[in-house]
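Colleague: This is the structure, below, for whatever I ask next.
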Amino acid sequence: MNLSEAYGNLTFDSPFLNGTASNISEEEPRDLASTAALSSVLGLLIFFTIIGNISVIVAITREKALQTKGNCLVLSLAVADLLVACLVMPLGAVYEVHREWHLGKELCDIWTSCDVLCCTASILHLVAIAVDRYWAVTDIDYMRQRQSWHVGLTIMVVWLVALTVSVAPLIGWKDELHEERVLTEKRCLISQDPGYQLFATCATFYVPLIVILILYWRIFRVAQKRIRRKPGNCAEARLVSATVMASLVTEMTLISTTTSSSHPSEASRSEDLLWGDQSKEQVLKKRRRVNLRSKRERKAAKTLTVITGVFVICWLPFFTMALLMPLCEECQPSQTMFSFALWLGYANSMVNPVIYTVFSPDFRMAFKQIYLNSCRF
């Protein structure tokens with residue numbers, strides 16, 4: 001059975017979509033095999049999301065080397081993604097399988113608000129991380145001057161914005177058919193007011209997407225310039241070559257406050273290449289320098305492509321539907337496509353712990369120790 005067959009005949013209404021979601025044509029009921037396959041897929045998705053984010057939280061809280069200011073953002077991101085897995089996805093899976101909401105209006109309101117809160121917080125953390133990386137590579141003094149309260153304030157702002165988006169329907173920004181939809185139609189949706197839908201989708205995805213794309217493009221351009229920069233005779237050029245250039249790609253790939261002192265061997269190699277004896281093997285040195293530059297550029301491009309690409313792939317399909325469906329009655333997706341897009345977005349919470357830690361040797365070592373210790377018991 002392939003994935004499309006396992007997801008066949010789904011009937012799920014997203015908290016972000018308005019009443020036009022009911023225009024999606026009804027499909028035949030699923031058979032037992034399809035229900036079992038769907039339950040297994042969703043169960044595994046929830047399980048791996050929980051395990052991945054708990055691993056990040058445990059690694060940061062146990063390992064002193066990981067307890068840095070930058071990793072506070074990763075820790076808060078892991079908490080947001082863990083809440084998605086624990087508070088949002090289980091009830092979403094039950095709703096997905098049963099295809100009706102039988103848990104009452106109050107629990108529906110709580111669940112949809114948690115959905116918006118946690119998913120919005122997760123996405124906004126990605127923006128905060130992008131901003132942090134941008135400042136790290138554009139301001140040579142940023143890593144030294146950054147204070148703990150700066151990071152704490154950033155995290156607080158992220159959660160406050162997410163909370164604002166999520167509680168708006170609870171304090172009155174609802175459409176008139178909300179209660180009837182839950183109690184009569186057995187469909188649990190957040191406010192379907194068009195104004196709220198526009199506000200929620202823009203604040204949750206479209207504005208963050210634009211910011212992330214701009215920042216990571218500028219980060220890559222800065223990386224490219226500094227990698228290609230030829231050393232001069234001044235102390236500033238020497239400092240850039242020995243520190244920033246040696247750690248630039250690392251700063252973009254790791255969400256930790258690593259500095260050039262964390263990579264002395266790489267910094268030394270960079271400095272040797274740039275400041276070695278100019279009278280020896282000039283051609284070979286130049287060739288090695290060009291090769292090193294090209295390697296770093298490819299690594300920077302690959303890393304930023306992974307970070308932005310995964311985010312776009314996971315959330316763009318769903319939010320494209322969320323924006324088009326209220327505006328175009330003829331643009332209604334199939335139930336299978338609609339449900340798959342929603343859970344693809346949830347899957348971003350499973351992937352985040354991987355792409356934001358896998359490039360770090362410290363994280364990899366911490367994960368290895370955690371799992372080895374677990375196996376002993």
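Keep in mind that glycine also has a Cβ here, set from the backbone N, Cα and C atoms.
According to TrEMBL, the protein has these features:
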DOMAIN    52-356  domain 'G-protein coupled receptors family 1 profile'
TRANSMEM  36-60  transmembrane segment
TRANSMEM  72-95  transmembrane segment
TRANSMEM  110-131  transmembrane segment
TRANSMEM  151-173  transmembrane segment
TRANSMEM  196-220  transmembrane segment
TRANSMEM  303-325  transmembrane segment
TRANSMEM  337-359  transmembrane segment
Colleague: List, by number or range, the same-chain residues at least 6 past the transmembrane segment (196-220) whose CB is under 8 A from its CB atoms?
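Modeller: Sequence-distant neighbours of the transmembrane segment (196-220): 16-18, 116, 119-120, 123-124, 126-127, 130-131, 133-134, 137-138, 161, 165, 168-169, 173-174, 190, 252, 300-301, 304, 307-308, 311-312, 315-316, 319, 322-323, 326.
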Colleague: Do the transmembrane segment (151-173) and the transmembrane segment (72-95) share at least 3 Cβ pairs under 8 Å, sequence separation 6 or more?
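Modeller: By the criterion, they touch.
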